[in-house]
Amino acid sequence: MANLMMRLPSSLRSLSVSASSSNGSPPVIGGSSGGVGPMIVELPLEKIRRPLMRTRSNDQNKVKELMDSIREIGLQVPIDVIEVDGAYYGFSGCHRYEAHQKLGLPTIRCKIRKGTKETLRHHLR
């Protein structure tokens, strides 16, 4: 197994990254040099808050199709997550998130961007 060194923001230092993923896809870790821009990591589902789940429902046929695809080839497109003060908020990828939940997968690949409380308020409108 190869060793991997990378700088993580303090809010992610408690997470671990392994050479294989629980959803069949290799973990992808990156971002621009100097830690600027989005990072793509496997994040535990329970760490992601889904504030819009109360007001929206998913197409269950699409969730089933995604479950089949994730089982076969893994998640191909990470969900978008905003990190505000150490908390993670998901506003896209609702069907992919639910498919991971129903498959019993503990983590999901996320594209994490830093945000502010104002950013969060904007997404909740």
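Cβ coordinates come from backbone N, Cα and C, glycine included.
Here's what TrEMBL has on this protein:
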DOMAIN    41-120  domain 'ParB-like N-terminal'
BINDING   Gly93, Cys94, His95, Arg96  ATP binding site
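Known features from TrEMBL, placed on the structure.
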{"residue": "Gly93", "record": "ATP binding site", "contacts (Cβ under 8 Å, 6+ apart)": "Val77, Pro78, Ile79, Asp80, Ile108"}
{"residue": "His95", "record": "ATP binding site", "contacts (Cβ under 8 Å, 6+ apart)": "Asn58, Asp59, Lys62, Val63, Leu66"}
{"residue": "Arg96", "record": "ATP binding site", "contacts (Cβ under 8 Å, 6+ apart)": "Leu66, Ile70, Leu75, Val77, Ile79, Ile108"}
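Around the Cβ of Cys94 (ATP binding site), 19 further Cβ atoms fall within 10 Å across all displayed protein chains. Apart from Gly93, Cys94, His95, Arg96, the residues listed for ATP, the same chain places the Cβ atoms of Asn58, Leu66, Ile79, Ser92, Tyr97, Glu98, Ala99 within 8 Å of the centroid of those Cβ atoms. Mean per-residue pLDDT, taken over the domain 'ParB-like N-terminal' (41-120), amounts to 92.
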